[in-house]
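Peer 1: Here's the feature list from Swiss-Prot:
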{"type": "BINDING", "residues": "Ile18, Arg19, Gly60, Lys63, Thr64, Thr65, Glu126, Asp127, Phe128, Arg169, Tyr179, Arg216", "note": "ATP binding site"}
{"type": "BINDING", "residues": "Thr64", "note": "Mg(2+) binding site"}
{"type": "BINDING", "residues": "Arg289, Arg308, Arg313", "note": "DNA binding site"}
{"type": "REGION", "residues": "1-179", "note": "region 'Large ATPase domain (RuvB-L)'"}
{"type": "REGION", "residues": "180-250", "note": "region 'Small ATPAse domain (RuvB-S)'"}
{"type": "REGION", "residues": "253-342", "note": "region 'Head domain (RuvB-H)'"}
Amino acid sequence: MTNILSPEKSENDQELPIRPSYLQEFVGQQQIKENLLVFIKAAKSRNEHLDHTLFYGPPGLGKTTLAKIVSNEIGVNFKSTSGPAILKAADLAAILTNLEKNDVLFIDEIHRLNTSVEEVLYPAMEDFELDIIIGEGPAARSVKINLPHFTLIGATTRLGLLSNPLRDRFGIPMRLNFYNNDELKKVLNRASKLLDIDLTESGSEEIAKRSRGTPRIALRLLRRIRDFAVVDSKSVVDKEIADFGLNRLEVDHIGLDSNDYRYLKFIAANYNGGPVGIETIAAALSEQRDALEETIEPYLIQIGLLQRTPRGRVITIAAFEHLKMPVPNKSHNQFNIFNDNE
């Protein structure tokens, strides 16, 4: 699923010029920043590596940026890879043996590591040792390699998919939450200065409230609205040009787009608001289940338009009102069955 409001990183997202390098430049996630600063200062004062750290939460909130910031704050090398890129234990061994003391190794999508790779990672995280099997069959032997102390930073949007042994080895687990409008405005104002965009307060407010609580989306929308401003010979991005551009991009006043409307209308029109299973929804919309669960559903749940229940997905009365559709003749409890994940 690819669209302007996807929180997933796109090849067109040019974030490096505006990505903050230190904690004082990073906007939002205040408690995480304060705690990280304490942990980093303590580790530096002891001349030790920072404990292994896990950043988890919805995509687009700054997990990769924070990982890079940690290495900058400590003053060490930053090595980056991803779960899908580490196909076998030898790939991980090659990365680990090239680390230096206190370096930061960042593994994005760490929940996608396969079991054989995880088994190599456990002793590396706990004992800073690497067990390598040399040879095959009866002649095979195990060789132990000592590793420098390093910090592993993992990032995941699917905490529940991490195995318990791996999750338990992270001494610093941190959940990143959606941003509020004021925080998004600060992100936009900082980016506008770095990108030389004349962004007004009203323009910043308009973009922020339609950005689904996600900085990556806010920055993407800012760039696209700048394009509309340039073509229309506007020198300033104000509320008027922001509203015009966002409407052209089919982003409504609360940050929903055509994919969200398809999702909500399917449940409303075909299942009287639900409950309906996620596999049924995915098949009907020709989308992958993971795409729905990671891209569409988190924000709909966040703003109170959707509930995940043991019996399936249920859209709320507020969703019917937003769709301007009549509310089915159900009791109020049927719209609030349970608040557990399916």
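Numbers run from 1 along the shown chain.
Including glycine, each Cβ sits where the backbone N, Cα and C put it.
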Peer 1: Using C-alpha atoms, which one of the binding-site residues Gly60, Thr64, Glu126, Tyr179 comes nearest to Arg289 (DNA binding site)?
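Peer 2: Spatially nearest to Arg289 (DNA binding site) by Cα position is Gly60.
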Peer 1: Arg289, Arg308, Arg313: which of these binding-site residues has the highest Cβ count within 10 Å of its own Cβ?
Peer 2: Arg313
Peer 1: I need the CA-to-CA distance for Gly60 (ATP binding site) versus Arg313 (DNA binding site), whole Å please.
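Peer 2: For Gly60 (ATP binding site) versus Arg313 (DNA binding site), the Cα atoms are 24 Å apart.
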Peer 1: Out of Ile18, Thr64, Glu126, Phe128, Tyr179, the binding-site residues in the record, which is closest to Arg313 (DNA binding site) when you go by Cα distance?
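Peer 2: Among Ile18, Thr64, Glu126, Phe128, Tyr179, Tyr179.
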Peer 1: Quick check on the binding-site residues Phe128, Tyr179: which one has the highest count of other Cβ atoms within 10 Å of its Cβ?
Peer 2: Tyr179
Peer 1: For the region 'Head domain (RuvB-H)' (253-342), what are the DSSP-based totals of helix, strand and coil residues?
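Peer 2: Output for the region 'Head domain (RuvB-H)' (253-342) reads 47 helix, 9 strand, 34 coil.
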Peer 1: Judged by the number of other CB atoms within 10 angstroms, which among Gly60, Glu126 is the least packed of the binding-site residues?
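Peer 2: Taking Gly60, Glu126 as the binding-site residues, the minimal 10 Å Cβ count falls on Glu126.
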Peer 1: So, three-state DSSP: helix, strand or coil for Thr64 (ATP binding site)?
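Peer 2: It is helical.
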Peer 1: Over all shown protein chains, what is the count of other CB atoms within 10 A of the CB belonging to Thr64 (ATP binding site)?
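Peer 2: Thr64 (ATP binding site): 20 neighbouring Cβ atoms within 10 Å.
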